[in-house]
Structures are given as structure tokens and as C-alpha cells.
Amino acid sequence: MFVVGQRWISESENNLGLGIVTASDNRTVTIQFPAAEEERIYALSVAPLTRVQFQKGDRINSVEGWQLDVEEVVENQGFIIYLGKRADSGEEAVLPEMQLDHKVSFSKPQDRLFSAQIDRSDRFALRYRALQHQQAQFQSPLRGMRGIRASLIPHQLHIAKEVGQRVAPRVLLADEVGLGKTIEAGMILQQQLFSGRVERVLVLVPESLQHQWLVEMLRRFNLKFSLFDEERCSDFDKADEDGNDVSENPFDSEALVIASIDWLESSPNRAKQVLASHWDMLIVDEAHHLAWSENEPSVGYQFVERLSKQTPAVLLLTATPEQLGQESHFARLALLDADRFYDYHSFIAEQKDYKPVADAVATLLNDKPLSHDEQNSIAELLSEKDTEPMFKVINSEKSKENDRLQVRQELIRELIDRHGTSRVLFRNTRQGVKGFPHRVYHQITLEMPSQYTNALKVMGMMGGVTKDDQLYPERLFQRMNPAAKWADFDPRIEWLITFLKNHRDEKILVICKQADTAIALEQILREREAIRSAVFHEKMSIVERDRASAYFAQMEEGAQVLISSSIGSEGRNFQFASNLVLFNLPDNPDLLEQSIGRLDRIGQKNDIQIHVPCFENSMQMVLATWYHQGLNAFEETCPMGAALFREFGEELEGFLKNPQAVGFDEFLVRTFKRQQQLKAELEQGRDRLLELNSNGGEVAQALAEAIAKEDNNPHLVNFALSLFDVIGLEQEDLGEQSIVISPTGHMLVPDFPGIAEDSTTVTFDRQLALMREDVEFLTWDHPMIRNGIDLITSGDIGKSAISLLINKHLPAGTLLLEAIYMVETQAPKGLNLTRFLPPTPVRILLGNKGNDMAAQVSFTGLEKQLKPVNKQMANKIAKMAQADIKKLIDISEQKIAAKLPELIEKASQDADSTLSAELYRLTSLQAVNKNIRADEIEALEQQRIESLKQIALANWRLDSLRVIVSNKE
């Protein structure tokens, strides 16, 4: 039976590799395993060994490193010799089994079956379900949007879907503050990454927002960006012995990069390196800070302009157009499409021409009759349509309400498609989006302690009092008296303690200017008053901040108060709390709005109570009064705050330095009057049609509801738990819809992505994930699930299995073969062909006569009748039935080959129908809307042609198989 030189593998120790017989007698056989440098002696009667024999069509490796494509297998005196052609040169070659590579592995299902590498039946089932789920997720229209750790806000989802599915989107996101521009950008990016259209992304932000973006992308989207600054880049700077620069481009080292635009403006060399690197998508936050004028664009604007010209996809996040002024607004649009927005004066003329149409839309939205002028404006824009019958339906009192509604909606749809900037500009306002709470301001006036008064006097005599010293006197006092503690006498602390005790059942967020202030406050509350508190500042790691946030979010045993520095709270929202204490007042309106915005979000269920303790006759009091009575910035959002701060800032500075100066009341009146004027101009300039397009209406609402239905999906929960079990992760149900996942010593892989060293808590519940940022929110989009599916489907888990079928109606010993084939196409990721033809599992269930019973016998139904087989019995069945199994595999190949044309035809029809419809729509609209870019249409047509070509090349491969043997019991 055994001949010296033959190759065998161990059924019980597959990891030893390919063994070679070195000795054999009547009782034992000795096998050496060169790859593992091990030797085993087996008793002949129970040797767990399987003979290795490759087949025609296999590609095998020689011990010398070259590969042979097997064309013929010859056996001579117990030895196997393989004949064929070398893969590298095509020359004919001979490879005796003695010269096979010792590290051979079996990846084909049939090879694994016949080499005793047989898996458990439940793993075969998990593999098939993983393939099914993978197919479904590739085709899901919700992919890239449902996994976000955020509330499902219809207008955000609408913009994300509309823009995220485009080829190389170039848009301006200009929602009002608090409406989620960052979330919209993240969802657009996520879809582009999932589709493969985008791989390398650069995010440019003001320096103060870098960490906010880093946190938002990680916590909300599971996207791990890298922060680039001078210190990081300098590590790549190198010179040779002659002093020549041989530096590598640091920006080529990571795919997802965040950088400060302020830093790049001041560092020409780094800006040059950014331009030299290739990017698929550019995202610019606070883009309105890029100063532009027709004759003198800023350095930052010119840099972004060059970058935008060489980057296919561009997202600009900016303040609303009305805040910017038309010239600045035009400059942003020109970055997106310089050919379309080439002349400022032409743009202004076009905007003026369009205003009457926007007014007419407001009339339509209010269900009022259209005036003669409004009808003319609409008819002129829709010149190719006969609008007269539509106007009659709208204006006639005899028209049925439902008919009027239908016509109004049709007209609005037509006008949206022709809107001047509707494809490049999205803007929602708070007036157009429901769900915001009221804001209530409480000013607490306290007497300034003598210690602060004296410190300010002394510093004044020394000529060194700064604005920060007066706004934050505790820092000045501590600097001058290191041994003393400001917290021992500051009346704000006693007020805060009393306030917390009077509101024990409420969550309260306290924001301070500095981390040191927050740390000192939290220590006093916790140690002196035993108040459950947490601290949150920029010196903490993201994990530490997550824990603090989670402690604050717990309703029963959690912290009553979270004390945060202003920088530490960036990127975090706490809408489950409704009390905000501004222990230190921000020194400009934008920062004030940012602080209030931590609570003032969509999803906030209560009115927000804003408490500002400040000292009487102080700079704090002047600033708080100006914010409240001049800007009304505490009780309403103030989109014109930055403009008013620029306009009145110098005059305000005088009152800040001298709080008791005459004329302050008159100054407040003038500020408020100007605020009302700007507010009216903003309202007058609102483009209702643009808002309607950006809002998404009922379609957006339906999208949110569809995603909500997928939350806590039982199929996902069951699959995830089975997946974790197979991977070897320990699971502990904590209740409250959360599970602790812990690594063990018997995992399939040493490190599973997303699992911490000790443990990770996960949930399938969106609301819990929103409250507890230390808990991972699992959806089909989460890396833990996606990586788990990849681990199963790309590896050998469940590729071959053998089971017993308990069925009294079948003769004992009846052989069935369940084969899972994959139909797929090897196309560039950027084509996003998985929408039409994802890797598709096709199940074939053959009886012993070769008839396919898959349509009659469901996978789940069959699974319930199967029983496991131990490994020894499975190996025995595989050996005994090898010839019959091979025949059934041959028949299954004929079956899948017959099914392939139908699958290709359906995918081709889907692709052609979808892409042709979009192409027709864009081509039709291009005649009436200049914002349809010619290159976008060309790219779509090329995509259609290439997609159909690649789908036609689709083929099949055997992924996994299960042999089933019937038994009566």
C-alpha cells in the first residue's frame, strides 16, 4: 500500500503540509513532513493518511518554485508522474510527485474533500449564507448609508443617495449650521468607497476642526483617517550623501488623509507634495474661508483650485450662499465646474432671470393660484412643454384637489430638473427642516471675587492684561498664584453645585475654555460633593473620551454632568441632554454656535436651557449681553453672526475693554437692527426650489423608513452570532440589546479586525449606539461584519462537508451532492458592476441520477434534516464514494454552464436599462440645464459600454460542496 517516495497528507494535522513516505513495514509507516520539519510513525491499521493525487487541469508547484499546468497523470510502480506545461515559459515538463512543493495546500472544494480536509456541515451552511448575504448587500440601494452611527434624518439621506451614486460627484453642500453637512459628506464618501470609485481621499479643514473630523469619521463611519502635519511629514524628509533631496512624498503613505488648510497655505513645499500625490476625492470643510475676488484670489483658494482641477470628485462644505454674498458663492461653484461658472457677471444675470421662477414655486408650494407673470416665468423655462392645460388645472376652482396636487408636483419636478444649480448645490435651512427645539437663555450674574479684581489690577499696572485674562480670570489668577487654587473662591462653582443638586434627574453638559479648568471642576464635583461626573478634553485619547461619553449617556447609573473643554467636545453630540452650562463664554459667535450645537441637533426632544454664569460689570457680561441682545445668538441660530462680528468687532472691542463705557445700549440697538436687516435679506434670498430639491420630501422620508426597517434585522443578528462562533469569539449577552465579544485562544485568525485585545461591546440597536459611543453599532456595512464575510468567503472555511440525511422515504446509502457555484465577473471596481452582477451563489442539488432538485428542496428545509458526521466516517465516505462524487461534480458543471447565459442576460438587461435611463435623463436635461457636465455624460456612456462588455465575460467557479448520504435514522 505504501511505497517509499509517495506523497501523503495527515488527515488530523493538515498544517504539517505534504508528507513523504520514508519507511514502511507490515505494521507501521514512517512519514516525513519537510515543510514542518516533523516526522510521524503511524500504525498501518489506523493511519489517518490520505494519498495526494492531482488531476488534469490543476496547477501544481514544484519544490524548485516553478509551476506546472497538469495535462496528464501517469502512475508507474506506485509512483505518480505529472506531465504538462510550465506556467512561466509554456515549455513541456515532467514533475514526479517526489519533487512536489512540500507546502502544498488544497483550495478547490473537491481537492479538500478527497484529501480529508473536510469541514463541519454547519460551516458549509454559514459559508453559503455568507455568500448569499454578500450578494444581497452588493445590490442593496442602502449600502453605504445604513451603517452610520447617527439618527436617520431624511434630508441628509436624500443628499447622500443623490450625490453618492454619481460618477465623480462635484457638489457644494451648504446646509445651515446644525443640519449635518459633515454627515452628508461622510455618507457620500462611504458610498464612493464601497463602490470602488474612490480609494484615496484628502480632507482639508481649518486647523481647529482636524480632530473633529478625525473623530466623526471614525465614530460615525468606521473610517480611519490619518492626521498629517509638519511633524509627521518631516519624518519622510531625507537627503543623500551629497545633500540632494531624496525625500519620499509623505502624502503617498496613507489612503485617507486629513490636513489643515492653514498649514498647507503657509508651507509651499508641503502643498507641492499634496499636488504631486494622486487623489480620487477632495473634501474641503469651511470652504467659504477661501478668500476670492476677481482680481486677487487668496493663496488658499488658488491651491484648492489647482487641486480640484486634478481630482475627479470634489465636495465643498460651506456656509449658506446668502451668508457668503454672491461673489464668494460664485467662487465656490467655479471650483466645481470652471467651464460652467466662468464669468461672474453672467452668473449674476442668470440668477436674476431665475428669481421669478423661484417665486412662482413658492406659490405652488403654498397651493395658491399662479399670477400671470408667474405663469410666463414657468412657461419660458419649460418652453418645450405645453403648460397651458396645467395652469388651468392649478388656477381653476373647479379642479379636484387631487388633480391640482398632481399637476403641482409635476411642475415642481420639471422645474427642479432645470434649476440653475440644483445638481451642484444642496442647501437645507432650519425653516425647511422640522424637528428643532426652542432655545431658552438664562443669564446668571455673579459678583467678581476680589482675588480676580486684584489680579487684573496688578496685571494692568504691569501693562499686560489681555482679552483672555479678562474673559477667563481664573487662568490669570492661577498663573500669578501657582500655590493657590482659584476653585476655592470662584462663585461660579457654588452656583454650579447648587444648580446640579436642584436638577439631579437631568443630564447637564458644562463647557469650559481649557482642559485644566474642566479637570479642576470635575475633581471638585466628584471628590467634594460626590456628584456623578465625567470629564472630557483634548488631552484624553479617543478611547478615554468614548468611555466618558458612555458614562454620561447611561440613564440610571451614569454621570449627571459631563464637563468638557471647548476643543474636547468637537465632533461629539449629546442631544439626550438639554441643559448646557457655558462656564466660559466663547469669544466669537461661530464658537458659541458650535458649543450650543452639541445639544441643538435634530433628534433633541426637549427645549435647550442655556445657562451662562458671568461676573457683573465684566468683559464676560458685555460679551454675553451683545450675543443675546445684539445677535439673539443664544435663543436662535445666527447664520449672520460672523458677518456682524466682522462689521461691529472693532467697536465691540472698545466696550469689552471698558465694560462701563457710555453708549453700550445704543450699540446693542444698532447691532440688533442690522441683525434683523440681514435676517430679512436671508429670508428674501431663500430659493424655495433649491430647498425642495435638497430636502427630498416624501422620497427622503421613505428612504429613512427603509433603513430603519433594517435596524435590528434578525437575519443580521443570527448571521453575526454564527459568524462570531465560527471565528472563535466568546459572546456574553449583557441584556439591554448589547453583547460583549471577546477574543479566545482558539480563533481562526490571531487578530480579528474591530475586536479590542480584551473585549468589545456591540449592539444592533441604533438608539443605544447613539447614546453609547463605546459600543460598536453593527450593521451589514460595519467592518466587523464585512471583514467576517470576507474571512469566510475568501478562505477555505466550509468549502467541503459531508452530512447524513435522515429520511425514511429514501433508500439508505442514497448519495446527494449539494454544489455551490459562484457566477462572477473580474471587472475594475470603479465600474461598480456588483449592482447588476455581484458574486452570485448558485445552488445545485443533485440526486444520484443527476437530476437537479434545488428548486424543489430548499436549503433551509434540507438543513433541518441533516445530521453531522464525525471526521473519521466523513473521510471513509469520501474515499468509498469518490468515483460517484466525481461523476456528480461533472454533471453539476454541465448544469451551471447551462444556467450561465440566463444570468448574464439578466445582468446585461439590468445594467443597460439602468445606465441607459440615466444617460437619457442627463442628455435630455443637458439641453435645458447647463449644469449637466459633458464629461459626466461621456463617462456614463463609457461606463455603460464597458459594463456590458465585462458582464458578457462573466464565468463560474465551484466554491463549495457538500456530500449527503441518506439513512433511515
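A Cβ is built for glycine as well, from the same backbone N, Cα and C atoms used for every other residue.
Annotated features in Swiss-Prot:
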- ASP175, GLU176, VAL177, GLY178, LEU179, GLY180, LYS181, THR182: ATP binding site (BINDING)
- 162-339: domain 'Helicase ATP-binding' (DOMAIN)
- 492-663: domain 'Helicase C-terminal' (DOMAIN)
- 285-288: motif 'DEAH box' (MOTIF)
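Cβ neighbour density within 10 Å is lowest for VAL177 among the binding-site residues VAL177, LEU179. Surrounding the centroid of the Cβ atoms of ASP175, GLU176, VAL177, GLY178, LEU179, GLY180, LYS181, THR182, where the record places ATP, the chain contributes additional residues within 8 Å, namely ASN428. For the recorded site, GLY178 (ATP binding site), the DSSP three-state label reads coil. Summarised by DSSP class, the composition of the motif 'DEAH box' (285-288) is 2 helix, 0 strand, 2 coil.
A sphere of 10 angstroms centred on the C-beta of THR182 (ATP binding site) encloses 22 other C-beta atoms. Around the Cβ of GLU176 (ATP binding site), 20 further Cβ atoms fall within 10 Å across all displayed protein chains. Per-residue confidence over the domain 'Helicase C-terminal' (492-663) averages 89 (mean pLDDT, predicted model).
Non-local neighbourhood of GLY180 (ATP binding site): ALA150, ILE153, GLN156, ILE602, each in the same chain, at least six residues away, with C-beta under 8 Å from its C-beta. Residues near LYS181 (ATP binding site) in space but far in sequence (CB under 8 A, at least 6 apart, same chain), listed by position: LEU173, ALA174, ASP175, ASP285, LEU317.
Around the Cβ of GLY178 (ATP binding site), 19 further Cβ atoms fall within 10 Å across all displayed protein chains.
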